[in-house]
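**Student:** Annotation source Swiss-Prot lists active site, nucleophile at 79, citing sequence analysis. The active site annotation in Swiss-Prot covers 180, 182, and the record cites sequence analysis as its basis. Marked as domain 'Glutamine amidotransferase type-1' by Swiss-Prot on the basis of sequence analysis: 1-205.
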C-alpha cells in the first residue's frame, strides 16, 4: 500500500489516477499511523514552499516524513514535494525543509519564461531502479519556478532550461522528481511502475524479517 500524503497542497487527483492506472494499491491520507503502516510514500505538492512546511508542521507530518525518510521505506517527492525533501528554500524567505537531501532550493534566473512549464528533455545521469524501461532523452512535463541546487552525486536526471535543472534526484530510499511523472505520459507511468516495484521489494524484505 502506497500512502499519498494529503496536506492540502498536492496534485492529489492526478497522482491517484496514475496509481490506479498502473494497478498500485494506495491510500490518500494525512493520518500518521496510516502513513507508518504503508509500504511506500508519495509526497506531492503544488504551491509555496514556506506554506507547505507550515502545514506539514501543523499536522505533525514533518516528524513523520523525516522518520520515513531515515528508514528504508521508499519515499517519492513530486514537484514541490521533491523540493521539500531538501535542507531549505529561498522562496519568499529562507525556510527550512525536511533536510532528507542535501541542497538548497533556489529561484530560476534564466532568460526564459518563468515558470518553466511544459515538456522538456530529461537526460539520465547514472542508473537507478526507477530508470528501468525509461530511455535517455525522454520528454517529461514540468511546472516550476524554483530548482534544487544540490550535489551531483544525488542527481540522476537533468533538463536544460538556461541552467541545468536537476529533474530527478535520489539517495538511498529517497527519490524526488521535479517534473510531474503522473502528467508525463507513458514515460511517467513507467517511472511510477518502477517506484511501485521498489515498494513491493521493500515490503517483501520486511515480511522476511
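Every residue, even glycine, has its Cβ placed from backbone N, Cα and C.
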**Student:** What count of other C-beta atoms do you get within 10 angstroms of the C-beta of residue 79 (active site, nucleophile), across all chains shown?
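**Tutor:** If we count other Cβ atoms within 10 Å of residue 79 (active site, nucleophile), we arrive at 25.
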**Student:** Are there any residues in the same chain, six or more apart in sequence, whose C-beta is under 8 angstroms from the C-beta of residue 182 (active site), and if so which?
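**Tutor:** Residue 182 (active site) has long-range Cβ partners 11, 14, 15, 17, 18, 78, 188, 192.
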**Student:** Note the mean pLDDT of the domain 'Glutamine amidotransferase type-1' (1-205), expressed as a whole number.
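**Tutor:** Value for the domain 'Glutamine amidotransferase type-1' (1-205), mean pLDDT as a whole number: 96.
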**Student:** In Å, rounded, how far does the Cα of residue 79 (active site, nucleophile) sit from the Cα of residue 180 (active site)?
**Tutor:** 6
**Student:** Please give me the CB contact count at 10 A for residue 180 (active site), counting all chains in the structure.
**Tutor:** 21
